[in-house]
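A.B. asks: According to Swiss-Prot:
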type	residues	note
BINDING	670, 671, 718, 719	Ca(2+) binding site
COMPBIAS	70-87	compositional bias 'Basic and acidic residues'
DISULFID	153-197	disulfide bond
DISULFID	590-595	disulfide bond
DISULFID	619-824	disulfide bond
DISULFID	641-653	disulfide bond
DISULFID	699-712	disulfide bond
DISULFID	758-767	disulfide bond
DISULFID	807-817	disulfide bond
DISULFID	931-934	disulfide bond
DISULFID	950-983	disulfide bond
REGION	30-69	region 'Human C1QBP/SF2P32-binding'
REGION	279-300	region 'Functions as E2 signal peptide'
TRANSMEM	535-555	transmembrane segment
TRANSMEM	1029-1049	transmembrane segment
């Protein structure tokens, strides 16, 4: 965190005396300069630092040299007082008498103004970097393009009244990771990481140094340095803090703006002064705009604005139908009753769930049935040729099971004891022989509708319900306006505050999947503007209006300025002839180097190059969980790397023994002796206390009775075996990770167009060649990247992290957000926990699993000779230190930072009429998977032939154009197999696995009356004008501008006829 150096009283006294003499000399020199007339202030960078520390009125106390505009290394110490005195003034200044000794105090500096230091609000401080931000500390401004040092150490001071006369010196530095600081709004980039220099200070000093404090007591100046003084309390103890400030201010000295000149053209006319006073064109345009807004507001207030069209849905009974409605309300619609849920469908001779049988686009909506009271006819919907059709069945017998009837309208529920239908599929046949193929389910719009369906038969007829109509009304003739529903079609889905709307419903605003409906003038104006002024319309207006306005301005300026004849001649007679393209050819090119195609000239992808701005982020060594051990056919007396040198390797054992959080265990397996000797079991119980008493060791000694001792074989009467294991977290010398930051990344595509080399990027996707212009649809660049170059025992590989790391969010503990060293000698992260060792037999079922985090399993292995055994060691993950380990890098990075989503699109424009070659050979290995006449696109894949683009057709229907090579697309199929595929010439048969629509289809059932309404297709001129009012308005404006332009040109030609056509 920081380094502390206690200062003694004697050192402090000497420093204060030397500083006092220097400051007095500076004050005397400054006072003598103030008496003389001051030269005008310059903007030079060499004098900006001296002037910034002085005020214009009177000999005020000096606030220090802020050094604005200077490009010095602010980590260096200032020059001695003698050099400063000689450089400032050559006149001798009498030295004041020495000040008497004073009690210990902070370094004497000249006070300035007080105030509050602004600082960014980045939340509560969780690390030293955020704590520095919280207390207003800012890094020095650094330009990454210059050859300036990336690190600079500065010194701050910290002392407390409770600590006596001890002053703590805090050294810290800022590291620039290569991004430009954002100093326009007073903030700085979070990528500038804050890192203190030196070892860890005492805990209470760190807590006091990182304590946020916003109040600034004063600004101190010491030579060429500037400090901010703060005092605060931590746990009842008052602390003082002097923070070093940047040498250059955040605002800086900006250059003056260049002079601006405005040229005014006189437009007054002595003959027609009213044109200037009243502004007739402006009045006309304003009136036209108000008229358009009024028309749009009126149209939006009388009818809803719909953005999407609703598909057909079950029809509804008339609102005055049935005697059951006479008891409640004559305008209530008849709602469906509860039916069966789940949807069991009959497919062939079997019943299956709807979710297993339904086509894809039907699963996106609801499916089911309405149960209505009148059973004179039933209705269902069929789907074929990607359209919905209504089917009607007449004379359906009524049910015999009475159930309560429920109606709901305007949040009113009532039950009527009447004869009600049974579940919706009751009374239907289980099989249907001659039904129409291609039937599908119906989709309901409201969550309150029941969902059920079954395969039935019916006549194929088309039907359409009357449309929904609205009106506007007011309560008691006063605002606000309300929307009243005149007729409602339930499948439109209009709701008021979540409740379905019915005829007679009044609501301020209605909402449906089709749009919004309102009578409020403000809402109507917004709806009219949002629906009429779309992005396409705005672009069309700009494209149509801006060129005419520019030409009008050019002609008007040419008529009123000198040199009008030459300007108008250049515009009218010469003009500008844009290049005339004979033909545009479009094709695709794969993204692998070496791919080629015809456009119609040959185009080949020579290579792909990756460019970026690289900033070195340092190098670190990850923690490595390393373990070793040995299986010994006796009981050793010296359990250490030296005592077990014959069984364990010396170098790894020493590295592990000297590692961090060492764990070592010595197991005595079934330790006993026979043939008259005493039992050795108690020699290792409890916890090997007797063994450690005679053989001191730093490892744990544990008995392992019951474990297999077959590894040491050949001694049927006397078997002694022991296992030693050692594990710890170490810094492996051959495992390092180097971090590099890639900013301003760009992908360069190297193309060869008819032998001419060309490079295209996202910024410049064009190639201008002698044969024509080639426009390339280039994928977007990957953005900022972080490269981890991992070197593990000679095997080097790179991993890439997408985007910049969020070091103040979830990535605060990642390796990239830590401070690294150039020589890879620094371990990343906190010290891991101690690993756990475990002895496991070879036949233990535990070996079927993997060791847990921080666990090491050791298993004895039978040797090839007597009294020879080995050891199998399995180490698990790194425990809680995984975030600093290679596993974290693999989990948060990728091996390929950039992969294009598809082929490159090539648009070739040539000045000569050409014909793009088309492939005539049939495609190969074409497979069709899915269904036909079901509304779901089928999957079509295969290989397109060479020789040009393949315009693929399936049974005569166009599917799309594909470059040579493999293609995968989706297409709606209307014909059954077999499928003939072609590229425009010879055809071939494709293999197909499609679903039979007859076995796939089913119907949703609707019981009740059926109302048929045929919509008229005639349209009056007034209706057409109301539907195209925006286009008419835009056309009228363009016509007026064109008329004004022609009049202006005619007037200019009349006055300049002598210059254009002299007699």
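Glycine is treated like the rest: Cβ placed from N, Cα and C.
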A.B. asks: Between residue 653 (disulfide bond) and residue 699 (disulfide bond), how many Å separate their Cα atoms?
C.D. replies: 13
A.B. asks: What does DSSP say about residue 653 (disulfide bond): helix, strand or coil?
C.D. replies: helix
A.B. asks: Just give me the nearest neighbour of residue 950 (disulfide bond) among the disulfide-bonded residues 590, 758, 931, Cα to Cα.
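C.D. replies: Going through 590, 758, 931 one by one, the closest to residue 950 (disulfide bond) is 590.
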A.B. asks: Same-chain residues six or more away whose CB lies under 8 A from the CB of residue 758 (disulfide bond)?
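C.D. replies: When sequence neighbours closer than 6 are ignored, residue 758 (disulfide bond) has 750, 751, 752, 767, 769, 774 within Cβ distance under 8 Å.
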A.B. asks: Sorry to bug you, but what's the C-alpha spacing from residue 931 (disulfide bond) to residue 595 (disulfide bond), rounded to the closest Å?
C.D. replies: 35
A.B. asks: I need the nearest neighbour of residue 619 (disulfide bond) among the recorded positions 590, 670, 699, 712, using C-alpha distances.
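C.D. replies: Of the recorded positions 590, 670, 699, 712, 699 has its Cα closest to that of residue 619 (disulfide bond).
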A.B. asks: If I take the Cα of residue 590 (disulfide bond) as reference, which of the recorded positions 641, 671, 712, 931, 983 has the closest Cα?
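C.D. replies: So, spelling it out, the nearest of the recorded positions is 983.
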A.B. asks: Count the other Cβ atoms sitting within 10 Å of the Cβ of residue 767 (disulfide bond), across every protein chain shown.
C.D. replies: 23
A.B. asks: Let me know the most crowded of the recorded positions, choosing from 590, 670, 824, 950 and counting other Cβ atoms within 10 Å.
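C.D. replies: Within the set of recorded positions, the most crowded position is 950.
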A.B. asks: Does DSSP put residue 699 (disulfide bond) in a helix, in a strand, or in coil?
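C.D. replies: Coil, per DSSP.
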A.B. asks: DSSP three-state call for residue 950 (disulfide bond): helix, strand or coil?
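C.D. replies: SS state of residue 950 (disulfide bond) = strand.
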A.B. asks: State the three-class DSSP label for residue 767 (disulfide bond), counting H, G and I as helix, E and B as strand, and everything else as coil.
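C.D. replies: Looking at the DSSP assignment, residue 767 (disulfide bond) belongs to a strand.
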A.B. asks: If you average per-residue pLDDT over the region 'Human C1QBP/SF2P32-binding' (30-69), what number do you get?
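C.D. replies: That region's mean pLDDT is 44.
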A.B. asks: If you draw a 10 Å sphere around the Cβ of residue 931 (disulfide bond), how many other Cβ atoms fall inside it, taking every protein chain shown into account?
C.D. replies: 19
A.B. asks: On a C-alpha basis, identify the one among 699, 712, 931 that is nearest to residue 817 (disulfide bond); the candidates are the disulfide-bonded residues.
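C.D. replies: Among 699, 712, 931, 699.
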A.B. asks: Once the DSSP letters are reduced so that anything not helix or strand counts as coil, what is residue 931 (disulfide bond)?
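C.D. replies: In the DSSP reduction, residue 931 (disulfide bond) maps to strand.
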A.B. asks: In sequence order, what residues of the same chain, 6+ apart, have a Cβ less than 8 Å from the Cβ of residue 983 (disulfide bond)?
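C.D. replies: 918, 919, 920, 921, 922, 923, 944, 945, 950, 951, 952, 953 - these are the non-local Cβ neighbours of residue 983 (disulfide bond), listed in sequence order.
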A.B. asks: Between residue 671 (Ca(2+) binding site) and residue 931 (disulfide bond), find the distance joining the two CA atoms and give it rounded to the nearest Å.
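C.D. replies: Between the Cα atoms of residue 671 (Ca(2+) binding site) and residue 931 (disulfide bond), the distance comes to 74 Å.
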A.B. asks: What whole-number Å value do you get for the CA-CA distance of residue 931 (disulfide bond) and residue 824 (disulfide bond)?
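C.D. replies: The separation of the Cα atoms works out to 60 Å.
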A.B. asks: In sequence order, which residues at least six apart in the same chain have a CB under 8 Å from the CB of residue 699 (disulfide bond)?
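C.D. replies: Listed in sequence order, they are 639, 640, 664, 665, 666, 724, 726.
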